[in-house]
Amino acid sequence: MSRPPPTGKMPGAPEAVSGDGAGASRQRKLEALIRDPRSPINVESLLDGLNSLVLDLDFPALRKNKNIDNFLNRYEKIVKKIRGLQMKAEDYDVVKVIGRGAFGEVQLVRHKASQKVYAMKLLSKFEMIKRSDSAFFWEERDIMAFANSPWVVQLFCAFQDDKYLYMVMEYMPGGDLVNLMSNYDVPEKWAKFYTAEVVLALDAIHSMGLIHRDVKPDNMLLDKHGHLKLADFGTCMKMDETGMVHCDTAVGTPDYISPEVLKSQGGDGYYGRECDWWSVGVFLFEMLVGDTPFYADSLVGTYSKIMDHKNSLCFPEDAEISKHAKNLICAFLTDREVRLGRNGVEEIKQHPFFKNDQWNWDNIRETAAPVVPELSSDIDSSNFDDIEDDKGDVETFPIPKAFVGNQLPFIGFTYYRENLLLSDSPSCKENDSIQIRKNEESQEIQKKLYTLEEHLSTEIQAKEELEQKCKSVNTRLEKVAKELEEEIALRKNVESALRQLEREKALLQHKNAEYQRKADHEADKKRNLENDVNSLKDQLEDLKKRNQNSQISTEKVNQLQRQLDETNALLRTESDTAARLRKTQAESSKQIQQLESNNRDLQDKNCLLETAKLKLEKDFINLQSVLESERRDRTHGSEIINDLQGRISGLEEDLKNGKILLTKVEMEKRQLQERFTDLEKEKNNMEIDMTYQLKVIQQSLEQEEAEHKATKARLADKNKIYESIEEAKSEAMKEMEKKLLEERTLKQKVENLLLEAEKRCSILDCDLKQSQQKINELLKQKDVLNEDVRNLTLKIEQETQKRCLTQNDLKMQTQQVNTLKMSEKQLKQENNHLMEMKMSLEKQNAELRKERQDADGQMKELQDQLEAEQYFSTLYKTQVRELKEECEEKTKLCKELQQKKQELQDERDSLAAQLEITLTKADSEQLARSIAEEQYSDLEKEKIMKELEIKEMMARHKQELTEKDTTIASLEETNRTLTSDVANLANEKEELNNKLKDAQEQLSRLKDEEISAAAIKAQFEKQLLTERTLKTQAVNKLAEIMNRKEPVKRGNDTDMRRKEKENRKLHMELKSEREKLTQQMIKYQKELNEMQAQIAEESQIRIELQMTLDSKDSDIEQLRSQLQALHIGLDSSSIGSGPGDAEADDGFPESRLEGWLSLPVRNNTKKFGWVKKYVIVSSKKILFYDSEQDKEQSNPYMVLDIDKLFHVRPVTQTDVYRADAKEIPRIFQILYANEGESKKEQEFPVEPVGEKSNCICHKGHEFIPTLYHFPTNCEACMKPLWHMFKPPPALECRRCHIKCHKDHMDKKEEIIAPCKVYYDISSAKNLLLLANSTEEQQKWVSRLVKKIPKKPPAPDPFARSSPRTSMKIQQNQSIRRPSRQLAANKPS
């Protein structure tokens, strides 16, 4: 073979690498790819590739291949060196483990070199390869590495070894939002802040083209300032061009997953970013309520609720959630087609829920967070849960026999935020040279700056020396000015005190006149009443003469005599009480009408009850259900009446508040007008002061500069010529400067005087404007008064017409009253007869109660004997029937009474309506008169106030004149003192004198202007006086029209008075009848409540007795089985063999089983845990005891019918996925019909304030503590239950909505009636039970399965279809905290 010549080029090599432009550009592109951290072939990826190849090939079986062995021999040592130089886990000290998941854990670490604290996430390569889920970490790494967003947790570096992937992240010491929600009750203000931050964080993720898909409080971390950042991006997915995602698996946490993501499980996975907004809605609901909206104990239950979200989403009644918050949650938790945020984040930002005064969407990150974590050090981990050490062995890859490539999926994972590799490239060198040039230029600039600063410092020193000289002169002037100011302040204080006294005097005089006017008015009223009394006396005498012999006349005389006594008593009282009585009369008539309507409703309902009782005599249970429905109706009617009363009182309060607000608004309007004028004055003063100060500063600066230059020039010349006389010259210069300063002060004072004069001119202008405005207001008032006079004349004409109509109405009323009296007497007799009947029935009832007590005594004595107990139960049933018959008789009597009362009430209603019309007309006349009088008094008060204001203006004017005189005198004195000092500066003195003359001329001009202004002021005062006189004339005219009487015939007046008297008499009779009626109603209501309480107590006693019976049955059954066992033992030949077949392996017979089991407290094991019960299973019943002592006393807590059992089975993780994993093998479930359960009434303790559910159970009620700020009454004692500012503690039942004082419960008073609303009892229930071990669980399940009846239990004749046939199982739910389980398909 021929060799190539030595000088020749290699074949295929580039001809000139340095000279070829195309080759250089390709190399630059290649370098750019290697330097780019996002490139798949960057430096770290290439090193990872080499490292992973060596790790995957370095096994004995693979080294047999010669090529692999040569490769390893070549690169094995260098790869080990690379590993030593790269970052590794040993570079960090582990402080604490703060999280653990399926793929690894999160550690709090400190970097050894920099001593900085980080959170380091470890992911096991073996676990990811084993679960075929090694792709999720790429999205998480890329988002945290390249997001550069304040809403995303930052990744500082990522590295790996043969077992783990490591991600060193920003440490968030505030913990997650789960920790925050467990430590605090989150108010709506906080929820608003954190929801806004989550919205912005998700918007940042969406803007990167990704969907998070696992938004939950566990993935929301808080930094040291309390602000939120998102974490855990393992479930993130890239959106396509249309903003959608295709996925065939449901990804996310069950409680927060959206319906469209759930549907993707079946292969229909096509959804967008709106799935994240669903999770935000769930998160907001959880913050405000304390639980997720679709919580269920099983996964199936949770998913079914999410799919049926339209029906299953509901807000608890006891949670305080605003309308805007509810609206936002509903907008998020809806179908994806209409979900809020589908069209962009802007529509979420514009929602009214986020409106507040503290932050906006741009500065929320800069504002203070609601909770800032208190940290003791940089490694404080108090906001994270303590995690136990993982003692299990770490699994690793097995030694392969062929090439597997376990490390290949992780090539390119390594990342450094501050990458120092390839930093010495040519581009870097160019950057360095540019930096050196910049540094040189900056040094030159700094030198120039230094020289300029030195020059500045010398200039400043010279300026400071001059300022010190000025200060010494200013201090003297300030002392004199202070003394003057003190004297002026004293004088002003004395004058203001005098003005205040004058104002108080004028107001007292006005009040005195007002009281005198009211006294005259009262005297007139008294005279009118005396006239009425005299007329009544005359009528009495006439009646005595006409009807001396008849009995009817004597009754009327007595009534008239009573009326006379009442009117004499009324004369002694004040007129104000009469007006109040009329108002209260109108209000009471309205209340009576309402009570009467209530009584009618109650009568109708009583009729319905009677018919229902007659129909349902066959069965006691059916009778109870009808009674319950009637009670519900009755409570509903009483609630409506209470609501109406509350509304009426609320409206009255609103009227009063409206009037108060009107007066306040008028006062504020006046104050604002005064304030506006004051502000205008201040504005003018400020503008003048500012202009003057600017001028003074400019002039002083110019003068100082000129003087400085002149002094410098003089000093230079004199230093050259006169070196020997420097000291003398310097002293002379100082004196000259002093004199100059004194002259400047004089100049400034003159200019100050000018400014003050200008200020006064502007103040006078403002006063002029004010007075003009007042004149305009007075003219407007005059027009308004004229219109009022016209309106009043029209009203008077209308009132005369109304009087004629009322006279006709009164005639008709007198006829109707006579007929009513007759019917009333008959009704009273019938009512007395019925009351006697009722008393006899009550006596019979008491006798029956005694008999029941005797029967109870017999029951206690005969508890040991079964036959006696059965006999007692039959006896009890007969007593119940007898009580029913008595109840029916009572209801018949009540019905007859109520029918008669209703007829009376209809007649009274018509009379009351007519009376109200007449009273309202009289009230309107009195109101019109009182309004006119009040207007007159207000006008007089305004007059006095304006006179006082004019006096104050005059006083101020005088004060200003005196101040001007004093300033002129002081100026003249200073001028005289200064003339002696300014002898050497004659030229400057002449100039100053000229300026002083000009100033004096200006002062004289100002004085002339002031005189002219005073003249104008006097003219305006005259105009004011004329307007006032016109106003008083108009008021007098109005009073004249009001007091004018129209000529009316005397006969009509007497008829009117007579009818008014009769009207009053009838009204008094009505009032007494109504009082009697209300007393009877209260009495009947109390009796009803007592009956209801008695029925409730008796039903509870019956349940308890039945439970004790069941327990006794089980004891008897046990004794019988023992007896049988003994008989069998005696009959058998082998004495030592024992019962044998009769007993099971565990020592109990097949028909009996007992032991300790745990029940969930309030059906929520996560929040309240379990409670132990002693359980006995007999042939017919399952009995639950609180303790073995209760078992001995036959006092069970709960009893279940074995006939009503449907199903018994061990649970799975999906059934109780919130329970502890260790407890699941020991839990089993019983499914039974609700009618087969009998249970003791439990009084749960009131929960603390921190918890959301504070329900108190009592007599079937579910009371919730509350406060009422609007009118409401207690339905137990009928006393007020509200107050505007400090309402008393109250309770409201969330079933029947009855309201009462909390004191009745605390004092254990028996006033509260039992609840009238009960839940449906014919629905299936499930019960979870926890055994002590898995063996016990299996034993209980196997035994109970044998007990289940083969045929379904016969349904109750009056109940609905059994749940066993419908297979609809209602799962009990309660308030709980959702479990925080780490998802199995991603790290925590």
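Heads up, the Cβ atoms here are built off N, Cα and C, so glycines get one too.
What you see is a predicted model, and the numbers here were worked out from it, not measured in a lab.
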Notebook entry, point to check: When Swiss-Prot marks a stretch as zinc finger, which of 28-83, 84-139, 252-307, 1260-1315 is it?
Noted result: 1260-1315
Item checked: The annotated region 'Disordered' range in Swiss-Prot, which must be one of 1-24, 337-360, 889-912, 1225-1248 -> 1-24
Note to self: Please identify the range among 512-532, 848-868, 1121-1141 that Swiss-Prot labels region 'Disordered'.
What the structure shows: 512-532
Notebook entry, point to check: Just going by other Cβ atoms within 10 Å, which of the binding-site residues Ile98, Ala102, Val106 has the emptiest spot?
Noted result: Ala102
Margin query: Distance check, please: Cα of Ile98 (ATP binding site) against Cα of Asp214 (active site, proton acceptor), rounded to an integer number of angstrom.
Written below: 20
Item checked: Model confidence over the domain 'Protein kinase' (92-354) (mean pLDDT, whole number) -> 90
Checklist line | recorded positions listed as Arg100, Gly104, Asp214, least Cβ neighbours within 10 Å | finding: Arg100
Note to self: Through the lens of DSSP with three states only, how would you label Arg100 (ATP binding site)?
What the structure shows: strand
Check: Can you tell me how far the Cα of Asp214 (active site, proton acceptor) sits from the Cα of Ala102 (ATP binding site), in Å?
Finding: 16
Next item on the list: List the helix, strand and coil residue totals of the zinc finger (1260-1315) as derived from DSSP.
Entry: 5 helix, 15 strand, 36 coil
Notebook entry, point to check: Where does Val106 (ATP binding site) sit in the DSSP three-state scheme?
Noted result: strand
